[in-house]
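Below: the structure, in structure tokens.
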């Protein structure tokens, strides 16, 4: 009888010890998994991204509908925008249509059709055309103007600092960029250059987003090599320019 009365107590104690052992083993496994996850997260954080970005490509492009168009989130809209830009480029560059002529012809055609329809609807028993009231909202225009004003003022500040001789590196970069733009401008018209940039905006970001894990390591190697070559150029050329010596004396 004593053995039979002790058996339930022993069984209960055994279940409690098994439960405690199971909880401790599960907590140890969770801690091990967390320890394993931390290095992976730290390694992920150390991945080098192009231009030092920390945000996804969609957020870098500003988010919203423009980023959706550039990244082809809606293929019909993106294809429509690109097709419209291509049609404009073909009209003005290949067909050599004049912008003012095109605008005038479109206005003449639309006004003539609406005028004739408004006067002939009573004879053909049709309802008159509904001409919408076009109203340009003030707030978006002011937002765009203020954003452009900030960017233009920032560009003026950079140009002023470069012209004052404060940053030799920026001076060389701006001169090289303007020189490249002058060469490209001699090859094609402004509209063609604008169209090329527009096509690049519709192709490069989406390709980079798709293959960023392969592009970023190559870009990192390229940036390391560029910095190394710039260090050699700085040591052999820039450091010997009198402007740098004058700055050192002033300091």
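These residue numbers are counts, starting from 1, taken along the chain as shown.
Cβ coordinates come from backbone N, Cα and C, glycine included.
Per TrEMBL, the features are as follows:
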- 16-25: compositional bias 'Basic and acidic residues' (COMPBIAS)
- 66-251: domain 'Reticulon' (DOMAIN)
- 16-39: region 'Disordered' (REGION)
- 77-95: transmembrane segment (TRANSMEM)
- 102-120: transmembrane segment (TRANSMEM)
- 171-201: transmembrane segment (TRANSMEM)
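Residues 91-92, 126, 128-129, 131 of the same chain lie 6+ residues outside the transmembrane segment (102-120) yet bring a C-beta within less than 8 angstroms of a C-beta in it. Among residues of the same chain six or more beyond the transmembrane segment (77-95), those with a C-beta under 8 A of the stretch's C-beta atoms are 68-70, 102, 189, 191-192, 195, 198-199, 202.
Regional average pLDDT for the domain 'Reticulon' (66-251) in the model is 83.
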